[in-house]
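The region 'Pyrophosphorylase' feature in Swiss-Prot is assigned to 1-226; the stated evidence is sequence analysis. Sequence annotations record features per position, and here Swiss-Prot assigns UDP-N-acetyl-alpha-D-glucosamine binding site to 8-11, K22, Q73, 78-79, 100-102, G137, E151, N166, N224, R330, K348, Y363, N374. Sequence annotations record features per position, and here Swiss-Prot assigns Mg(2+) binding site to D102, N224. Per Swiss-Prot, region 'Linker' is recorded for 227-247, and the stated evidence type is sequence analysis. The region 'N-acetyltransferase' annotation in Swiss-Prot covers 248-453 and rests on sequence analysis. Positions annotated as active site, proton acceptor by Swiss-Prot, on the basis of sequence analysis: H360. Annotation source Swiss-Prot lists acetyl-CoA binding site at A377, N383, Y384, S402, A420, R437, citing sequence analysis.
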Amino acid sequence: MKFSAVILAAGKGTRMYSNMPKVLHTLAGKPMAKHVIDTCTGLGAQNIHLVYGHGGDQMQQTLAEEPVNWVLQAEQLGTGHAVDQASPKFEDDEKVLVLYGDVPLISAETIENLLDAQPTGGIALLTVMLDNPMGYGRIIRKNGPVVAIVEQKEATEEQKLIKECNTGVLVATGGDLKRWLAGLNNENAQGEYYLTDVIAAAHDEGRAVEAVHPVNAIEVEGVNDRAQLARLERAFQSMQAQKLLEQGVMLRDPARFDLRGELQCGMDCEIDANVVIEGKVSLGDNVVIGAGCVLKDCEIDDNTVVRPYSVIEGATVGEECTVGPFTRLRPGAEMRNDSHVGNFVEVKNACIGEGSKANHLTYLGDAEIGQRTNIGAGTITCNYDGANKFKTVIGNDVFVGSDSQLVAPVTIADGATIGAGTTLTKDVAEGELVITRVKERKITGWQRPVKQK
């Protein structure tokens with residue numbers, strides 16, 4: 001369906017009490033405006049015109065990669081004025097969809113319904129029934145059809161009783177919309193050019209106005225302050241959780257789950273409370289994610305258990321692995337099948353081979369570890385000399401004793417043993433035992449220091 005979209009995003013957002021433009025505040029880890037842009041892109045919008053004003057430099061920096069035409073509204077003179085700034089870009093015969101950068105949950109299904117409902121030469125208008133319509137423009141009907149919209153400040157006491165409200169979202173043909181916008185005036189309580197006045201202009205020309213309701217009322221709720229943003233966050237997360245439950249993912253507490261990206265799950269996955277998913281995450285079959293974990297841009301294969309409070313970012317984890325609790329896998333970390341990392345272990349840009357283990361208090365950076373190797377508690381790969389990074393290579397069936405420092409670049413061949421407390425600076429041959437401790441001394445009669453009085 002051929003259409004273009006105008007997204008109004010010029011408002012300052014005073015009630016957010018922030019130096020950041022309102023539409024850049026995030027919902028589910030993504031700027032509100034980007035939610036709307038992504039929905040339009042997914043529907044195949046030919047053009048997306050983003051009308052901006054306050055914080056323009058910040059807007060353009062944050063959304064630099066988005067496929068939008070930037071339209072400046074230098075003075076905020078109302079919604080009609082905002083849309084009119086983009087009107088020179090409208091094609092006369094295309095459908096033009098008007099959306100809002102601070103209404104992030106509008107769904108593709110609702111937009112499709114609205115586009116389909118537009119009468120020839122007329123307007124399709126998204127309206128919603130509200131028990132408490134305070135602050136919203138009211139829909140005025142005459143013997144059924146919509147004939148006008150009256151803003152809250154312009155409404156009579158009788159009109160204020162109307163529960164059908166304007167969402168501001170509409171579809172009109174480009175040529176008609178340009179003509180109606182050109183005829184707007186600002187003779188109202190706000191001294192602004194209201195987009196809503198195009199409804200009366202269309203009616204005066206005998207054009208039909210078709211009202212459409214959203215699939216869910218929450219879709220058309222806007223954000224003016226942080227409390228409203230928090231409400232939409234929870235509503236969005238609830239919808240995400242419901243979809244995952246319907247797909248067979250066991251969320252132990254759907255109310256305490258946050259999806260801030262994309263999640264693909266195999267069969268019989270289980271996710272405990274307070275887990276946060278960011279970026280693109282893939283879970284295989286029978287994966288268990290413990291409470292309080294954060295997963296970002298990672299892949300976790302079948303039958304792996306991630307114990308509570310682990311952080312995995314930019315990493316790949318094989319089958320039958322165990323991670324955590326309190327493990328951090330940083331970008332470039334790779335765990336091969338049946339490997340294990342435990343509490344307070346950090347892995348960065350390192351590969352842990354099949355069947356290998358680092359169960360306690362360890363840092364593995366810029367390292368390659370073979371199969372069936374055991375890394376003792378307190379082991380550190382010393383990969384950085386203050387200027388450059390160096391690699392540690394550890395072979396198969398190696399045993400590294402506790403509290404060892406492996407000063408890279410260094411290679412430990414298959415079957416070698418590193419004694420506890422070793423500071424290793426030279427390569428180790430296959431099967432060798434290395435111990436670098438000083439000779440043990442015993443001092444009899446030694447007295448501990450005492451505090452001076």
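Cβ atoms are placed via backbone N, Cα and C, with glycine included.
Annotated features, which come from Swiss-Prot, shown on the structure.
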residue : record                                        : CB count, 10 Å
L8      : UDP-N-acetyl-alpha-D-glucosamine binding site : 28
G78     : UDP-N-acetyl-alpha-D-glucosamine binding site : 21
G101    : UDP-N-acetyl-alpha-D-glucosamine binding site : 28
D102    : Mg(2+) binding site                           : 24
R330    : UDP-N-acetyl-alpha-D-glucosamine binding site : 17
H360    : active site, proton acceptor                  : 16
A377    : acetyl-CoA binding site                       : 19
N383    : acetyl-CoA binding site                       : 23
S402    : acetyl-CoA binding site                       : 17
A420    : acetyl-CoA binding site                       : 15
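Looking only at the recorded positions G101, H360, N374, the one with its C-alpha closest to N224 (Mg(2+) binding site) is G101. If you measure from the Cα atom of A420 (acetyl-CoA binding site) to that of N374 (UDP-N-acetyl-alpha-D-glucosamine binding site), you get 12 Å. The Cβ neighbour count for E151 (UDP-N-acetyl-alpha-D-glucosamine binding site), using a 10 Å radius and every protein chain shown, is 19.
Listed in sequence order, the residues of the same chain lying 6 or more apart from G11 (UDP-N-acetyl-alpha-D-glucosamine binding site) and placing their CB within less than 8 Å of its CB are P21, K22, V23, G53, H54, Q76, D102.
When Cα-Cα distances from R330 (UDP-N-acetyl-alpha-D-glucosamine binding site) are compared across the binding-site residues N383, S402, R437, the shortest belongs to N383.
The region 'Linker' (227-247) scores a mean pLDDT of 98 in the predicted structure. Cα of R437 (acetyl-CoA binding site) to Cα of E151 (UDP-N-acetyl-alpha-D-glucosamine binding site): a distance of 82 Å. The C-beta environment of Y384 (acetyl-CoA binding site), restricted to residues of the same chain at least 6 apart in sequence and closer than 8 Å, consists of G365, F390. G78 (UDP-N-acetyl-alpha-D-glucosamine binding site) sits 61 Å from H360 (active site, proton acceptor), taking the CA atoms of both as reference points. Close to the residue listed as 'active site, proton acceptor', meaning Cα to Cα within 10 A, are none of the binding-site residues out of L8, E151, N383.
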